[in-house]
Amino acid sequence: MATPAQLGLMDAASPVMEEMIYFHDHVMLVLILITCLIFYSMLVLISSKYIYRFLTDGHVIETVWTVIPAIILVVVALPSLKLLYLTDELDNPQLTIKSVGHQWYWSYEYTDYYDIEFDSYMLPLGDLSKGDARLLEVDNRVVLPVDTSVRVLVTAADVIHSWTVPSLGLKMDAVPGRLNQLALQCSRVGTFYGQCSEICGANHSFMPIVIEAVPVEVFEGWCDMMLDEE
């Protein structure tokens, strides 16, 4: 999860987020090189004692500053397109869950193998335990098995919401009357926090999302426990 005064990205907890971090570093390298080149050119021009006042055109330089930016755009665009299609790639998911946004809480359904449904509300400050995150803890967490291909169906019951978990590289709008989907695979055990990322009313800030990634055996035990409570 994010920490105070954090400047970098969260640690990746999914293959997609790892690729996003690599792409971020790739683009930042390109931007730094461009910035250094521009500042160097400015410094040379400012410090130069020679001025050619009668230069009206230059076919070579115009070709250079057209071709080089085009090449740079291709260098940035190709990894971006690859990542874009990777985020939408969903091949034979092993588990499907449905997330429904409400004002102002989330409800979840596990309908593939287990008939499990529950609502997930933010815990008030008075119910927090020592070490819990303020405004991020919920009464019912989404429990998922690690290293498992999961399909998340996202929709809303009232207004537009957005189901977002940064450390997993997930963000999908929840639109009433429309069913969106995204691919999810947790690459390590842990607890990952997110929030609604679409302004949806007075209590928009109080719609946290908590995903708990556990080993498959623990997930099966959790499912049995939830079924016993039904």
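Glycine too: its Cβ is placed from the backbone N, Cα and C atoms.
Note that the structure is a prediction, hence the values are computed from the model and not measured.
Per Swiss-Prot, these features apply:
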BINDING   H161, C196, C200, M207  Cu cation A1 binding site
BINDING   C196, E198, C200, H204  Cu cation A2 binding site
BINDING   E198  Mg(2+) binding site
TOPO_DOM  1-26  topological domain 'Mitochondrial intermembrane'
TOPO_DOM  49-62  topological domain 'Mitochondrial matrix'
TOPO_DOM  83-230  topological domain 'Mitochondrial intermembrane'
TRANSMEM  27-48  transmembrane segment
TRANSMEM  63-82  transmembrane segment
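Local packing around the binding-site residues H161, H204 was summarised as the count of other Cβ atoms within 10 Å of each Cβ; on this measure the leading residue is H161. Sorted by the number of other CB atoms within 10 A, the binding-site residues C196, C200, M207 start with C200, the lowest.
In the topological domain 'Mitochondrial intermembrane' (83-230), helix, strand and coil residues by DSSP number 29 helix, 62 strand, 57 coil. Across the topological domain 'Mitochondrial matrix' (49-62), the DSSP tally of helix, strand and coil residues reads 4 helix, 0 strand, 10 coil. Taking the mean position of the Cβ atoms of H161, C196, C200, M207 as the Cu cation A1 site, the remaining residues of that chain whose Cβ falls within 8 Å of it are G101, Q103, W104, W106, S162, A174, Q195, S197, E198, G201, H204. Between the CA atoms of H204 (Cu cation A2 binding site) and C196 (Cu cation A1 binding site) there is a gap of 7 Å.
Within 10 Å of the C-beta of E198 (Cu cation A2 binding site) there are 18 other C-beta atoms, taking all protein chains into account.
Taken through DSSP, the topological domain 'Mitochondrial intermembrane' (1-26) splits into 12 helix, 0 strand, 14 coil.
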